[in-house]
Amino acid sequence: MQERHLFTSESVSEGHPDKIADQISDAILDAMLEQDPQARVACETTVTTGLVLVVGEISTTAYVDIQKVVRETIKKIGYRDGQYGFDGDNCAVIVALDEQSPDIAQGVDDSLESREKDEDPLDKIGAGDQGLMFGFAVDQTPELMPLPIALSHRLMRKVAELRKSGQLAYLRPDAKAQVTVEYDENEQPKRVDTVVISTQHDEDVTLETIQKDMLEQVIKTVIPAEYLDDKTKYFINPTGRFVIGGPQGDSGLTGRKIIVDTYGGYARHGGGAFSGKDATKVDRSASYAARYIAKNIVAAGLARKCEVQLAYAIGVAQPVSVSVNTFETGTVSEEAIQTAIRENFDLRPAGIIKMLDLQRPIYKQTAAYGHFGRTDVDLSWERLDKVDALKASIAKLNH
C-alpha cells in the first residue's frame, strides 16, 4: 500500500505546435478514408514559422487536395492572422508523399496465417508493424480515466471554448495545462495540489487580467470545488508573458505528444504514436482495442484498475502476446480475465477494425484533447458494450 503521494499530468491545446501537426496528419487521413476506406496512410507533419511540411507513405485510390486540407485545418484551429507568425492562408505547404513500401504491403495485405492457407477472412490482414501497445482504465472518473489527465484536458477544452466564442478575445491558440493530484494511501484522489496554465495572449492584455480570468472562468468552473482548498497552488502564465507562440515559438511534429494523447503518464506506453496512421497500423488500432478491453473490464466490476498489453509481429495477424495487470484490485484472477478477453475480443488487425469500425473518417476529432475518456465525441473504443459478455464469461468459468 502506498502512502499519500502526488501525481502530475499535462495537456496541450489544439493550437500547440505538436498538436497542429497531429491534427493536420489526421485531417489528411480522414480525407483519404472518406473516399477510400481501404486507404493505407502513414502521414507525418512538421510545422514551423510560416511553413508546413507533410511527408509519409500513402497507398490509396482517393484524390485529396492536401494543400486545401492543411490550410483549412490550420484556420479552424485559429491561426488566421499573420501577426501570429503562422496563418492558414499564407504559410507555405510542401507535400512529399510516397507509396507504402511493397515489402511492408505484402505482409499487411496477405498475413503469414493466410499465406499458410488459413481460410478465415479476418486472418487476411497482417499487423502493419511489430510493437507493443497498452490500454488502461481506472475508476477515478466516470469515464474511467486517471484524474490528472482528465482535468488537464478539461482545462484546455475550456480555454479553447472561451477563445473561440470570443468571450476572452485576447486569447491566442497555443496553451498548456498541468494538474497535480494528491492521492491517499488507497490510491484514491483526495485533492488538487497544483494547477499550471500557460496560455498565449494578445500584446495588450495584462497578466493580472489573464490570471483572474483563468482562475475564475477556467479553473473554478472545470475542477470540482471539493478538490480545491486554500493550499492549492496556481501558476498562471508564470513566465509573465506568452505573446509569441504556436509554430512561431516552437516547431511542431506529429507524434510528439503521445502521453497527452493517452493516460498522462499514469499508465505505461508502448511508444507508438497514433495520428496520421490508418487502422492497419497496430500502434493505433491495438492501443484503441486495449483501452476498450480495459475500460469494459473495470466497468464490469472485474477490477478497479486495469492495464492490458498487446504485442504484434509484422505481417502476422494474431497478437504474439496478450497480458493483463489488475494491480491487486481484481475481483477475479487475472487468468480468468485473460480467458474472458480471448472469448470476447478478436485482436487480429482485421478483427479490431471490424469490432471498432475503424475504416471511417473519425480521427481528426481525436487529435486534440486526448484519444481516451472523451465525453464530447462518440468513439467506438469508449463504449461499454462488452460488459455483459465479460460478466457472462466469468460466470461460466466459475461454474
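Any Cβ shown, glycine's included, is placed from N, Cα and C.
Counting only residues at least six positions away in the same chain, the Cβ atoms of Asp174, Ala175, Lys176, Gly246, Gly252, Lys257 sit under 8 Å from the Cβ of His16 (ATP binding site). Marked as ATP binding site by Swiss-Prot: His16, Asp174, Ala175, Lys176, Arg241, Phe242, Asp250, Arg256, Lys257, Ala273, Lys277.
Over all protein chains present, the Cβ of Asp18 (Mg(2+) binding site) has 23 other Cβ atoms lying within 10 Å. Annotated Mg(2+) binding site per Swiss-Prot: Asp18, in sequence order, evidence recorded as sequence analysis.
Under the DSSP three-state reduction, Glu44 (K(+) binding site) is assigned to strand. Taking a C-beta cut-off of under 8 angstroms and a sequence separation of 6 or more, Glu44 (K(+) binding site) has the following same-chain neighbours: Ala21, Ser25, Val54, Val55, Gly56, Leu253, Thr254, Gly255, Gly276. Summarising the annotation, Swiss-Prot assigns K(+) binding site to Glu44.
DSSP gives Asp250 (ATP binding site) a coil state; it is part of no helix or strand. A sphere of 10 angstroms centred on the C-beta of Asp250 (ATP binding site) encloses 16 other C-beta atoms. What Swiss-Prot records for Glu57, Gln100, Asp250, Lys281 is L-methionine binding site.
Taken from Swiss-Prot, the feature region 'Flexible loop' covers 100-110, and the record attributes it to sequence analysis. When DSSP labels each residue, the region 'Flexible loop' (100-110) comes out as 8 helix, 0 strand, 3 coil, counted as helix, strand and coil in that order.
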Candidate binding-site residues Asp18, Glu57, Gln100, Lys281, pick with smallest Cα gap to Asp250 (ATP binding site): Asp18
Around the Cβ of Glu57 (L-methionine binding site), the count of other Cβ atoms that are within 10 Å: 16
Cα-Cα distance, maximum over His16, Asp174, Ala175, Lys176, Arg241, Phe242, Asp250, Arg256, Lys257, Ala273, Lys277, record's ATP binders, Å: 36
Largest CA-to-CA spread of L-methionine binders Glu57, Gln100, Asp250, Lys281, angstrom: 30
Cβ neighbours within the same chain of Lys281 (L-methionine binding site) - under 8 Å, at least six residues apart: Ala42, Gly128, Asp129, Gly272
Assigned conformation of Glu57 (L-methionine binding site) - DSSP reduced to three states: strand
